[in-house]
Amino acid sequence: MKTIIVLSYFFCLALSQDYSESNNSTATLCLGHHAVPNGTIVKTITDDQIEVTNATELVQSSSTGKICNNPHRILDGRDCTLIDALLGDPHCDVFQDETWDLYVERSSAFSNCYPYDVPDYDSLRSLVASSGTLEFITEGFTWTGVTQNGGSNACKRGPASGFFSRLNWLTKSGSTYPVLNVTMPNNDNFDKLYVWGVHHPSTNQEQTNLYVQASGRVTVSTRRSQQTIIPNIGSRPWVRGQSGRISIYWTIVKPGDVLVINSNGNLIAPRGYFKMRTGKSSIMRSDAPIDTCISECITPNGSIPNDMPFQNVNKITYGACPKYVKQGTLKLATGMRNVPEKQTRGLFGAIAGFIENGWEGMIDGWYGFRHQNSEGTGQAADLKSTQAAIDQINGKLNRVIEKTNEKFHQIEKEFSEVEGRIQDLEKYVEDTKIDLWSDNAELLVALENQHTIDLTDSEMNKLFEKTRRQLRENAEVMGNGCFKIYHKCDNACIESIRNGTYDHDIYRDEALNNRFQIKGVELKSGYKDWILWISFAISCFLLCVVLLGFIMWACQRGNIRCNICI
């Protein structure tokens, strides 16, 4: 009995040895791509959620919290609005003749002079802000028969009563206020901004005390425009001890044109003009501190980097800024489709190619080879296909930034309550633009992601086809991204396949011979190793059963006698 069992064991071992020797005459070569345990989800045209090995965030969602003073010239308005600095409010004298790229208005800014209003406040503010300068040139206006340099206790300049430094308050001289008619030509080659005003007394008595006439009139004209203002006498809410008001107006005089001022009372006259410039200067309301740093893009929240194509920090920007979108995140695929590697590969340690899964741990390339031959297993990257994919993906982010970054500023849109309908329309237009840009951004990123994934898949297929053309009938496609090579292929042979120097003819006869020796039907299942072992065990078991049956039959015939002793 023991002899039979030992013989069965050696017979099965021989079968196993034959199987191993058969494997030594073949090799397996698989092609695969890089994979990571946890990829990044991106959106493409065809799939809202597809996992890739690597992706770059495209939306800047936070600011530095401070405004950088380089490369843009930042002028901190502190407690002065731009209009107060323009008019020459006593507490804003420090801003005379200042220049800026961006004037930062603070929420703590206040007026500290005679109360005024500007009927076209936003236009004047925007005009001066874009000019980028408060450069003022005094001119020699002749005001005959009136008292100049009027002041008010509401506008202290030091201990004495004062007034806006860029304006001249004209009142009666004695008991008369003659009709004033003054002209001032523009003989220069640039536009001149004249700021003037009309005083609205709180009572009729104040009107006659200051200007004699019961009702004044101010007319300012050029060849292109004319404005006539009649004072509106009446009491208003008290501000800094005054219930009267001054309305501020402005006139632009082109080169070769003439400014004409005509008035019989209530005129707040200009002292000169502001030199207008064209440029990209602007104004922004912000309470962010100004710091010494470098940033091309500024928002009211603070400076932000402009190395991303989109941002959702603030709609108001200045400089070369990412485009504002509603989305909090948009990810650009900068890697290939991610298929995490399966950890269990069977009893024989089988390898699989890109059709089944990706390969983790490929640190030197995106695409590569794994092999299994008589010398063991190995892995190497294919640098050529890796570089081809990287070259096409590199620069993708920069191209998106170039398409979307604004090289100009988005100014604030403000309107008075009277212009509420215009404000609503402007808000609707701005919201629509943001919606369109947000949708366009999402579509652009989805298109780029689709292109990246298709590109990386294509490079994998190119490498597979290149390998198949080299091997020809010397190997068989296994269907999982691998080739079964029907000849002995050591590491040098594998290397020749990888670098493209493999000579098909050298191994042709051996491969054809091995094809005939190997069984025609080959198991293709992923559980081939298990099935082979199970079949092997069953065969050995059946052999033992047959031998035992033969022994029992022989015993019954008397050919073999079995004695059992107790």
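Yeah, the Cβs are placed from backbone N, Cα and C, and that goes for glycine too.
Keep in mind the model is a prediction, meaning the values are calculated, not measured.
Among the candidates CYS68, CYS80, CYS92, CYS493, the disulfide partner that Swiss-Prot records for CYS293 is CYS68. The Cβ of CYS92 (disulfide bond) lies under 8 Å from the Cβ of CYS80, ASP84, ALA85, each of these being in the same chain and 6 or more residues away along the sequence. Look at ASN301 (N-linked glycosylation site): DSSP puts it in coil. In terms of C-alpha distance, the listed recorded positions ASN54, CYS113, CYS293 place ASN54 closest to CYS555 (S-palmitoyl cysteine). Burial estimate for the disulfide-bonded residues (CYS80, CYS155, CYS321): highest at CYS321, by number of other CB atoms within 10 Å. Using Cα positions, the member of the recorded positions CYS489, CYS493, ASN499 nearest to CYS297 (disulfide bond) is identified as ASN499.
Within 10 Å of its Cβ, the residue among the disulfide-bonded residues CYS68, CYS293, CYS297, CYS489 with the fewest other Cβ atoms is CYS293. Minimal Cβ crowding within 10 Å, among the recorded positions CYS113, CYS555, is found at CYS555.
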